[in-house]
Structure formats: structure tokens, C-alpha cells
């Protein structure tokens, strides 16, 4: 302890005899320098040119915006994150730079085959298709096992309150149906995705197939939203039903994927029946056959002049495809196989 004190005392004595550099007095704050520091005046400019104030080790790096750079450089540089020009607005304003993003990622411009602008951002032209109307609408999987019978009775039990609530308001009924039908594909796709990551294995294309099914059902909902505007209590019902059904199906898929897919297969059979009744009411005049929404014309590549009846027809064909896919997936599990061993029907809406 004493030796440390002696060494410290000797070091202090040596430092006390070190001559002070001549430029240090220039660092003492005066009235002028204090004023320049407080008000941003140019009084410190001579000291800066002389290299005396501030020293390089004291001055922090400058983190200023680059937006003012064009004014200083005569407008030679453009601000980062801008691309393209915006045409003058309706108020006669001048052209403005279109701010894309901080990362300067420009949005892609998509056009139709005829060169007109593509109006939708929720889907692209290469995601559109023509529905296969030749599919058999009368297929029915006859339940043979206890799980099959339980799945069928579960779907029948879900249909009973729907019939009471909506009766023959099939536009609103279809809207409610699609909010439920879009859940299983997403749940199954997510669980298979996590399984693929967890086991370091491929899925056989089933992740994409189920997510495509969920997206297709969501597009059904977006279409019928243009036809039937839901009331506030119907929106509240959607929240309740979706919250319960999502968690129930999630748990059911974890416990038994073959049961979960069988439930969806029977649910799609009921959807086919509902859309068939929808078409009967359109043909009888009970429901007005209004023009098809624009989103339906582009998504299903329907010809101009198509009506609501054409939309319901292609949606019913989609449901028939979903019926076949889910019954097929359930059959794969019943044979004690995994979905990854059987190629998925990609693009099979």
C-alpha cells in the first residue's frame, strides 16, 4: 500500500513539471466564443480555420439529414429514398418527387395484357385463373369410421344455427361462410411450415397448397363484400365465430390432422349446397342478378358483362376443389402416411 502511494506521488511530481502547450490558452472560453457556441455565430470561424477549435477528438461525428444537401451543392444530389415523378395534382401544383421508402425500393408497375394499368395490389395478374367448371359437384365422402361420422355430425351441427340466423339471405350467408372457410388452410399451412422447420424436411408442397386455399377463400370473402354489406351485428358475429373456430381447429389439427381435414371436406360439401341454393334464388328472381364486381372479373378472368350468377358459379367450383383436396389429405393420413410423401395438388383451387 505504501509503495503504491510513493509511486503515485512521484508520478504527480513529474507531471507538474511538464510544460503546457502554447495552444491551450486558445481553448479557454471567452465572451466571444461563448456567444458563438450559444447562438451559432461565426465568431469561432477563425479558430476553426486555424485548426484550434474544436479539436478533432472533441468534435462528435455529424449526424445531420441529407435533405438539405441539394441546396448546398446547387441541387446536384437528390434526397435518398425518392424515385420517379408524381404528376401535378388537381390543384395545379408542381411536379413532386415520389417518396418510395427509406430503402429506395420502388413499387413495381403491373399492367394487363392489353396494356391498361393493373388496379389491384392484393393479387397480381399471374395469380388469376379460370375456374374449372367441369368438376363433379355431387361427390360425397361416405363416412366409414368413427372419426368420419364425428366430422360429418360436427359440420351438420354448425349448419343448424347458420340456417336459423341467415335463413335465405345467401349473400350474407356466403360472407359468413368464407370467414370460416379461410381459416383451416392457414392453420394447416402454418403448422406444416413449423413442422418442416422443426424436422429439417420438405413438406411435399402441402404448405403452399394449403396457403393457396386460404388465400382463395379470402378472395371469395373480398368478392362478396362488394355484394353484401354486413351489418354491425354480423361483423360482431364474425369476430366471435372466427376466434372460437380458429382455436378449435388449431387444437383439432394438432390432435388429429386426418379428422381436421375431413371436417373441412364436409364443410366444403355444405358450401357447395349453399351456393347451389344461392343460384336457385338468382334463377327464380328472389335475388337480383346484379353485375359482377370488378375484382371478380379480374381474379377469375371473367368476360365483361358477367353477373353475380357467374361469380357464384366459379366460387362453387372452387369449393368443390377444396373439398377434394381436404378429403384426399385425410385419406393420406388414414393410410398412415405423411403428407410430405404424397405430392400436393398445387394450383388446384
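A Cβ is built for glycine as well, from the same backbone N, Cα and C atoms used for every other residue.
As annotated by Swiss-Prot, transit peptide applies to 1-63.
As annotated by Swiss-Prot, region 'Disordered' applies to 63-93.
Beyond its flanks by at least six residues, the transmembrane segment (174-194) meets 162, 166, 203, 206-208, 210-215, 217-218, 220-221, 224-225, 228, 230, 234, 237-238, 241-242, 245-246, 249-250, 253-254, 257, 260-261, 263-264, 267-268, 271, 274-275, 278, 312, 315, 319, 322, 326, 339 of its own chain at Cβ-Cβ distances under 8 Å. The transmembrane segment annotation in Swiss-Prot covers 174-194 (among others).
If you look up Swiss-Prot, you'll see 178, 217, 220, 319 marked as Fe cation 1 binding site, on the strength of similarity to another entry. Spatially close to residue 220 (Fe cation 1 binding site) yet at least six residues away along the chain are 174, 178, 181, 182, 315, 318, judged by Cβ distances under 8 angstroms. DSSP assigns residue 220 (Fe cation 1 binding site) to a helical segment in the three-state reduction.
If you look up Swiss-Prot, you'll see 217, 268, 319, 322 marked as Fe cation 2 binding site, on the strength of similarity to another entry.
Residues or ranges marked as transmembrane segment in Swiss-Prot (evidence: sequence analysis): 236-256 (among others). Note on the transmembrane segment (236-256): residues 147, 165, 176, 179-180, 183-184, 187-188, 191, 230, 263 of its chain, located 6 or more positions outside it, place their CB under 8 angstroms from a CB of the stretch.
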Which of 178, 217, 268, 319, the listed binding-site residues, has fewest other Cβ atoms within 10 Å: 178
